[in-house]
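Chemist: Before I ask anything, here is the structure I am working with.
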Amino acid sequence: MATATMTASTTALEPSGPRPKRLTADRVGLYVFLVIAAAFFLLPMYVMIVTSLKPMSEIRLGNIFSLPEAWTIEPWLQAWNSACTGLNCGGIKVGFWNSIRILVPSVIISIFIGALTGYALSLWRARGSNLLFAVLLLGAFLPYQVFIYPLVRIYSSVGIYGTMAGIVVTHTIFGLPLMTLLFRNYYSSLPIELFKAARVDGGGFWAIFFRLMLPMSTPIIIVAVILQVTGIWNDFLFGVVFAGRENLPMTVQLNNIVNSTQGEKLYNVNMAATILTALVPLVVYFVSGRWFVRGIAAGAVKG
Amino acid sequence: MKTRRRMNVATYVALFPAFIVVVFAYLGTMLWTVQISFTESKLLPTFAFSGLRQYERLFATSRWSISLENMVIFGIGLIAVCLVLGFLLAAALDQKIRFENTFRTIFLYPYAMSFIVTGLAWQWILNPTLGLQQYVRNLGWTDFQFDWIIRNDRAIYVVIIAGVWQASGLVMALMLSGLRGIDQELWKAAKIDGIPTWRVYFNIIIPMLRPTIITSVVLLSLAVVRVYDLVLALTGGGPGISTDVPAKFILDYLFGRANIGLATAASSILLVIVLVIITPWLYYEYFRPKRERR
């Protein structure tokens, strides 16, 4: 370690002698490593941004790292308004609004049911609740391919296959384990006296949930919202299988635009569309900062 | 006693949605999938039991063995590189670095983005005629080659690069919080005993980080088994089928090729793989008779 060791002293002595040198060879090496790593992580974002601001004529030259000579926001407008997936040329905004329409109910419903289940599991006794929780947890880890085909059949038999309801139900189903875990851990970490006091005051199951527990859940709800918003926005598989043609979320539409085989590939438009798709989770990430890290730590099933 | 019963009813009502999900969406579908895999189902499910036919067929399909092989290569590569890189980044950030927040933000941001975005970004950089290779050639090294993305034998490593870019920040964040949880007295003691820093890391810190490492490995393994979007956006499974993965194989046979018998057999194999990885860990984390946790 390069930092100088401190000799413990109880008296407030002024430091004497030359200041310990901060810039040793170790330190320099450390920063070089960090800067190179940072370059690796930033490179794709830089290339995408630069490309999205260039006309196609510059892109064909193959100078992916050079700044645009003639800056243009035309690709961004085109990506948003008129990019094509096959015959449809409504731009990525179609997918954007679909994603929003999927996102809002999915987030609300999945968090509500997760909170309710977590509350019932942590503070009330019901027969078989341990088993329920165990299967739920296991479900969180199984590959989705195991569930997909039967779910398609079940959805078609009740008439929600390929509809907005279908995709919202799907996000609720597969968000439930993590949400339950999150709230279960949170509620069992609260002082039990609180719950007992509410019982003594005559609070019933629902009264305690709505008037005591939910209002106290703000910190964990924030984490849950971050996890669900980024998770659902970034979903591709469920969107492509369950949402139906009319409701394809932004990630699916993006992939269709970029990997469609017709005509010349408009790389600048594609890159603009890609950045637009990444924007919502990135904003969540930058705004929420430490909460995001807390969220993924919780998502790592550590409580 | 009457109120007590009403309470009970409320609890069961509250748990009803979760119960429905567990019974129908998880258990029911799982059993159904396994059941179909033992039939001759093609476009529609049939119920004629046909034993292990689909499994024999599955393992005679070269596309499946290539998928499995790719999953193993991708898994080993991703987990190894992410653990090493994630640890190095976390250890470096733990040295009272300037701009620590900035660096941390940079390392983790790819994790916020979808695999589709990650795949498309790297597809663009690694495009041999327009991306990195062409750039270096323009600089004067005219025979520079970096065309792994279009080479059968190398394309899977490109998937690893993109995966590492996306996921190593996560490992960094987990490891960093692990490192921050370690008592600083330990470092002072090691210092006084004159133990070199690298030995402290190897002999003391890394063993102490074991729970974090296990968690990281489990999370990464799940991503490996599920990997689908990334491959689809980055290579589309190509060139040919050289970067195909089981998850993509299953989706193609379910919806593209209408061979649900084969697809569900493949799903069942994945199911078994995950159960083998996950059950010991879940037991260890949640259902082990609890002594003091850590």
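Every residue gets a Cβ built from N, Cα and C, even glycine.
TrEMBL does not curate its annotations; it predicts them automatically.
According to TrEMBL, the protein carries these features:
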type	residues	note
TRANSMEM	A:28-49	transmembrane segment
DOMAIN	A:96-288	domain 'ABC transmembrane type-1'
TRANSMEM	A:102-124	transmembrane segment
TRANSMEM	A:131-152	transmembrane segment
TRANSMEM	A:158-183	transmembrane segment
TRANSMEM	A:204-227	transmembrane segment
TRANSMEM	A:266-287	transmembrane segment
Chemist: Who are the long-range neighbours of the transmembrane segment (A:204-227) in its own chain, taking Cβ under 8 Å and residues 6 or more past its ends?
Modeler: 107, 111, 114-116, 119-120, 123-124, 178-179, 182-183, 186-187, 190, 194-195, 198, 284, 288, 291-292, 294-296, 298-299
Chemist: Where else in the chain does the transmembrane segment (A:28-49) make close Cβ contacts, counting only residues six or more beyond its ends and a cut-off under 8 Å?
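Modeler: For the transmembrane segment (A:28-49), the list is 2, 64-65, 271, 274-275.
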Chemist: Look over the recorded stretches A:131-152, A:158-183, A:266-287 and say which has the most C-beta pairs under 8 A to the transmembrane segment (A:102-124).
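Modeler: By the under-8 Å Cβ criterion, the transmembrane segment (A:102-124) pairs most with A:158-183.
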